[in-house]
Amino acid sequence: MAPAREGCCPLLLLLLLGLWVAEIPVSAKPEGMTSSQWFNTQHVQPSPQACDSAMRDINKHTKRCKDLNTFLHKPFSSVAATCQTPNITCKNGHKNCHQSHRPVSLTMCGLTSGKYPNCRYKEEHQNKSYVVACEPPQQGDPEHSLVPVHFDKVV
């Protein structure tokens, strides 16, 4: 009986550790960045770049290959202006989302292969509207009444 119990605890510990690691979201913002600064890093790209190199800048913060990411080819101030459109419901049910008035140039990067740091992406260029979640700015954010903090979806 005793040997079975000895084998149980390390397995339970391993299971609990696995559950704890699974709770760390890939999109968790890096320490020292506001949510809006992290949004800017992940989603604002006025001049289009190839997905492999653009995603390298994001993945270095998380030490993982992010599965999917959308880059908006607009300056941050233009994306922040979207926060002034009427509130709509986000995918998660929150009511702090806003949709762009018109379609914008954007690039969607989808992970095709690789393990960090050798992540490989397929890119898809589109001209579509988008939805972002907005919140009041934090210290260090640009001066806007609301700033984008989460990319919700392409519409």
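Placement of Cβ uses the backbone N, Cα and C atoms for every residue, glycine included.
If you go by Swiss-Prot, CYS134 shares a disulfide bond with CYS83, out of CYS9, CYS51, CYS65, CYS83. When the Cα of LYS91 (substrate binding site) is compared against those of the recorded positions HIS43, CYS65, HIS150, the shortest separation belongs to HIS150. Calculated from their C-alpha atoms, the gap between CYS90 (disulfide bond) and LEU68 (substrate binding site) amounts to 18 Å. Overall, the recorded substrate-binding residues LYS66, ASP67, LEU68, ASN69, THR70, LYS91 cover a maximum inter-Cα distance of 19 Å. Listed recorded positions: LYS91, HIS150; maximum Cβ neighbour count within 10 Å falls on HIS150.
Checked against CYS134 (disulfide bond), the recorded positions HIS43, ASP67, LEU68, CYS119, HIS150 differ in C-alpha distance, with HIS150 being the nearest.
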